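S.K.: Copying in the features that TrEMBL gives for the protein in this structure:
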type     : residues : note
ACT_SITE : D288     : active site
ACT_SITE : E402     : active site
BINDING  : T492     : Ca(2+) binding site
COMPBIAS : 1-15     : compositional bias 'Low complexity'
COMPBIAS : 653-662  : compositional bias 'Polar residues'
REGION   : 1-27     : region 'Disordered'
REGION   : 587-606  : region 'Disordered'
REGION   : 646-665  : region 'Disordered'
Amino acid sequence: VLSPSSRAPPRLSGPSPNPNMMQPMRLRSQGRGSPLLCLSAALLAVALLPGAAVADGVTPTEALRLRDEVKDMFYHAFDGYMQHAFPLDELRPLSCQGEDSLGGYALTLIDSLDTLALLGDKERFAAGVEWVGKNVRFDINKTVSVFETNIRILGGLLSAHLIASDYATGMKIESYDDQLLHLAADLAQRLLPAFDTPTGIPFGSVNLLYGVDDDESKITSTAGGGTLTLEFGVLSRLTNNTVFEQVTKNSVRGIWARRSKLNLVGAHINVFTGEWTQKDAGIGTSIDSFYEYLLKAYLLFGDEEYLYVFEEAYKAAMHYLHHDPWYIEVNMNSGATVWPLFNSLQAFWPGLQVLAGDVDPAIRTHAAFFSVWKKYGFTPEGFNLATSTVQNGQRSYPLRPELIESTYWLFKATRDFRYLDVGRDILASLQYAAKCPCGYCHISDVETHKQDDHMESFFLAETVKYLWLLFDLAVGPDNIVENGPYKYIFSTEGHLLPATPEISLVDEHCLYFEAFCNNSTDRGYISADGSSKHPSVNCTHFDERQTVSSQNSLSNVLSTTRGYIKGVCPGLSHAQKLGISYHDNTVEQNSRSHENPDESYTDQSSVQIQSSSVILISHPATSPPDEPLETGSRTQYLENIVVTGDSEPVEVSGSSQGNTENLAEDTTLGISEQIEVTAAEEVGSQDIHIEDGTS
C-alpha cells in the first residue's frame with residue numbers, strides 16, 4: 001500500500017501548459033478571500049507547472065497493457081460478485097459475502113450488463129440478460145430510492161435491452177424477446193406514484209408494491225428530482241407511452257421554476273410546498289447530476305428547453321460558484337460563500353464541460369482535482385479548501401468514478417497524453433490500496449488507506465468502464481462506443497444510451513425533408529402530409545418561397561443544433577419556445593442578478609480536438625448567408641461539431657483570448673450565445689406559465 005508521502009509527483013507529458021492558464025483569474029463576487037486563491041495557485045503549481053517532475057508518457061504498448069489490466073480488474077470484481085454474492089445486490093469483497101442494499105434483485109449484475117457488452121463478452125452478457133429476464137420481478141414489498149433505482153436498475157435494463165435487441169451492436173441475442181424492456185416498463189410504472197405531488201417533484205422513495213409510504217419524507221434532493229429524464233425519456237420512446245417522459249420533465253420544470261434570482265438552485269426542497277430546506281448551491285453533493293441531465297437530455301432528445309435551462313444554469317454556476325480552478329458552495333439567494341469545500345462528486349464537472357465545449361476551464365479544474373488525488377492516493381469525500389486538509393467526517397473514498405470519467409472525456413477531446421498518466425496513477429492506486437480478496441474495497445480513510453468491506457455496483461458500471469475506455473481509446477478503440485453505429489450518451493451511472501432515430505427524433509415539432517416521424521403515437525409533431533397532430537403547436541413546414549416580415553423574423557426560426565431538422569414555429573417567441581416563462585408565489589423568475597457584467601468569466605484559448613466521436617457544442621455561428629436576416633437581428637445558430645474517428649485535428653479558437661477583464665456578461669461559454677429576450681417581445685396568447693411544477 002502506498003502511503004501519501006511515498007506517492008510520486010504528477011507525471012506530465014505532452015506540450016507545456018498554456019502560460020495563460022497560470023494566471024490566477026480575478027474573483028467574480030464579493031466575499032471571496034485570498035487564502036482560497038493562494039491555495040488554488042499552490043495546487044495548480046503542483047499539477048501543471050513544467051518544473052514538476054516529469055516521467056515518460058504512456059506508450060501505446062503500455063496503454064494496451066493497462067487496458068488489459070483494467071479488464072482483469074473488472075473480472076476479479078465481477079467474478080467475486082457472481083461467486084460469493086449473486087443474486088444478492090452487492091458484494092462484500094473483504095469477507096467474500098453478499099448483501100441486499102437496494103431491492104434484492106441482483107443489482108450488481110444488472111448494473112454490469114452493458115460493461116460486459118462493452119468488453120465484447122457476448123457469452124456472459126447473453127447469460128446475464130437471460131437470467132434477469134427470467135428471474136427478476138418488481139412486485140415486491142420493498143421501499144426503494146427513486147433516484148438510485150432509476151439510474152442503476154432502470155438505466156441498466158434499458159441499456160442492456162438496446163444492445164441485446166439490435167444487430168448493429170454486434171451483441172444481438174437471437175433468443176431475446178424484449179424481456180428487459182418489459183421489466184423496465186413495469187419498474188417505471190411502480191415508480192410513478194412518487195411523482196404525485198403538488199410541485200411535480202417526486203418523493204425520494206417509493207414502495208414497489210404499495211406506492212408512497214404514509215410516513216415518507218417530503219424533502220428530496222435536487223439531483224433526486226432532476227436526474228430522471230434520460231431513463232424515463234428513453235422508456236417513453238421505446239414504449240410509445242409519453243407519461244414517463246412527461247412526469248420527469250415536469251419535475252425538472254418544478255425545480256427550475258423555484259430557482260433563485262441568481263439562477264441558482266438549492267440542495268434540498270419540499271416536494272409539497274416547493275420551499276427550499278437547504279439553500280446551499282453548488283455542483284456537488286445533492287445537485288450534481290441535475291446539471292448533467294439538462295445538457296444530456298438535450299443531446300439525446302434534441303429538446304431545446306433543456307438546452308435553454310442548462311445555458312442559464314451553467315452561466316450562473318460559472319459566475320457564482322467558480323473560484324478558478326475550484327468550485328465552492330454559496331447561498332442560492334445572496335451568492336455569499338457558505339462552504340469552501342471540494343467534494344468528490346464535483347469531479348464529474350470537467351467531463352460535462354467537455355460535452356458543452358468549454359474545455360479550457362475543464363483542463364484547469366481537472367488538474368486541481370487530480371492534485372488532491374496525488375496528495376492522498378484517492379480523493380476524499382470532502383477536502384477543505386481553506387485549510388488544505390481532509391474534511392472531518394468525509395475521509396472515505398467509496399470507489400467513485402467521477403474523476404476517471406472526466407479524465408476520459410478530456411483525453412477524448414484533447415488527445416493530451418497527460419491524461420493517460422492520470423489514468424495510470426488512478427489504476428495503480430486502486431490495485432495497490434483497494435484490491436482485496438474477492439473484489440475492490442471502499443477506502444474508509446484516504447490518509448491511512450484502511451479498507452472497508454463494501455463494493456458499490458457503480459464500481460463495475462462506471463469506474464472500471466471509464467478507465468477501460470480511456471486506455472482503449474489510446475491504443476485504437478475497438479468497442480461499440482467508439483466504433484459502433486450510434487453516438488452514445490452516458491447516463492450518470494455510466495449506462496450507454498444510443499442516439500438512434502427511434503430515441504432522438506420522435507419529438508421534433510416542425511419536420512420537413514421526410515425526417516423520422518413516428519406516426520403511431522400522439523406526440524404533437526408534423527405528420528408526413530404536413531398536418532399536425534397537435535394544433536396548439538402552431539408549426540408549419542419551412543417554405544423557401546415564404547418571405548420574412550418584420551413581425552415574423554428569423555428570430556422565430558428553430559434551428560436544431562443536432563443537424564437533423566429545421567423548421568419554422570412562427571407562433572412562439574424564443575423565450576416561449578425554449579425558456580418557458582416560469583414563476584411562483586415568492587420569486588420573480590424573470591429577474592436576473594447581472595450587476596457586474598464585465599466580471600463574467602470566460603477564457604476560450606485554442607484547444608486541439610483530434611479524432612474521436614465525441615459531440616461538442618461549439619461557438620455560435622452566424623446564420624447561413626443564403627437565409628435573410630432582419631436588420632439588427634441577434635439571431636445566431638449553434639454550430640454542431642461531430643468529430644469522427646477519421647477526423648483530423650480541428651482548431652477551436654475562442655473569443656477575446658488573453659483578455660478576461662473586459663468581457664461582457666453574455667459571453668461565449670462554448671455552448672451558445674443567449675438570444676436576448678426583452679419585455680418588448682410579443683407574448684400573445686401563446687404565453688406559457690408553469691406554476692407549482694405543473695404545466
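Using N, Cα and C of the backbone, Cβ positions are placed for all residues, glycine too.
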S.K.: Let me check the 10 A CB neighbour count of D288 (active site). How many other CB atoms are there?
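M.R.: The answer is 25.
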S.K.: If one measures from the C-alpha of D288 (active site) to the C-alpha of the residue listed as 'Ca(2+) binding site', what distance in angstrom results, rounded to a whole number?
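M.R.: Rounded to the nearest whole number, the Cα-Cα distance is 10 Å.
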S.K.: What residues, ordered by sequence, lie under 8 A Cβ-to-Cβ from E402 (active site) and sit at least six positions away in the same chain?
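M.R.: Looking at Cβ-Cβ distances below 8 Å from E402 (active site), excluding near sequence neighbours, one finds S344, L345, Q346, A347, F348, G351.
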S.K.: Tell me which residues of the chain lie with their Cβ under 8 angstroms from that of the residue listed as 'Ca(2+) binding site', as long as they are six or more apart in sequence?
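M.R.: Sequence-distant Cβ neighbours: I151, T227, L230, S289, E292, Y293, F348.
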